[in-house]
């Protein structure tokens, strides 16, 4: 990974170069900021080789649903995934199109029934209609905020039938005590949404909505905060 961001071969990585590269991980700016703060131990805005490897390791932790903290560094995780077709180690957007969808057919039928019962308009549900279903799960507000972020794949503040299935899948995983990932795994992206780089390409819109979800602590505000962004 290092040669891709250390073009001058100086053994260090500047914040600007690292930011462009780390964005390809598909993680939100909030999470990437936390990763940078932990890796840039002296706060100089430059990472040496060791610090850069710490950043990569933290990216891998976040992608696998682990806490972004130095205590996670010793946990066994697969290598980090980045949407960059130039490296054989990395997962490209097109490769994921062959993966079977993680949502099983029998579950999809159940999720579709819930979706239809919520009176979608033009095949879409607004945040206000999805909110009561999510809150009904009694999951923590920050988890529900992440579920919404991950399932609203095209960032339009609405969920279509497939995006709603992703939201329900993540809620049921969380209820089974499985961690909700920081970025949407390739196998969970609905086949209808699988275009090369479609998910990471939407990342620049994330900072405002991510921070908003963390600030709106009352459960009622969690999804209502999303709708103004689209108007």
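Each residue, glycine too, has its Cβ placed from N, Cα and C.
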TrEMBL feature region 'Disordered', matched against 168-192, 193-217, maps to 193-217
Quick one: DSSP breakdown of the domain 'EH' (107-195) into helix, strand and coil?
-> 52 helix, 7 strand, 30 coil
